[in-house]
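Lifted from Swiss-Prot, the feature list:
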type     : residues    : note
SIGNAL   : 1-23        : signal peptide
DOMAIN   : 30-73       : domain 'P-type'
DISULFID : CYS32-CYS58 : disulfide bond
DISULFID : CYS42-CYS57 : disulfide bond
DISULFID : CYS52-CYS69 : disulfide bond
Amino acid sequence: MEARVLWLLVVVLVLGSSSLAVAYQGLATNLCEVPPKDRVDCGYPEITSEQCVNRGCCFDSSIHGVPWCFKPLQDTECRF
């Protein structure tokens, strides 16, 4: 019985550590430099910055009256 518990613990630790290695990288800062009047809403009222970023959006709560969670600029650079 102890061997099963030990193997289960090993499997859980391996799977847990591998999921940590694939962390969200976020957007380049320049992609979030959207003028306030051009922001396209990407969230919902009371969305947190973490929830917004996890959706692939930008978050800036410093300007009132415009969306805080908004779509980033389109990356026009080609990547190979």
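Quick reminder: no glycine exception, Cβ is built from N, Cα and C everywhere.
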Residue from CYS32, CYS52, CYS69 whose C-alpha is spatially nearest that of CYS42 (disulfide bond), among the disulfide-bonded residues: CYS69
Averaged pLDDT score, the domain 'P-type' (30-73): 95
Where CYS57 (disulfide bond) falls in three-state DSSP terms: coil
Integer Cα-Cα distance in angstrom, CYS52 (disulfide bond) to CYS58 (disulfide bond): 7
Number of Cβ atoms other than its own within 10 Å, given for CYS57 (disulfide bond): 22
Among CYS42, CYS52, which are disulfide-bonded residues, the residue with the most C-beta atoms within 10 angstroms of its C-beta: CYS52
Among CYS32, CYS58, CYS69, the one of these disulfide-bonded residues whose Cβ has the fewest neighbouring Cβ atoms within 10 Å: CYS32
Cα-to-Cα gap, CYS58 (disulfide bond) vs CYS69 (disulfide bond), nearest whole Å: 6
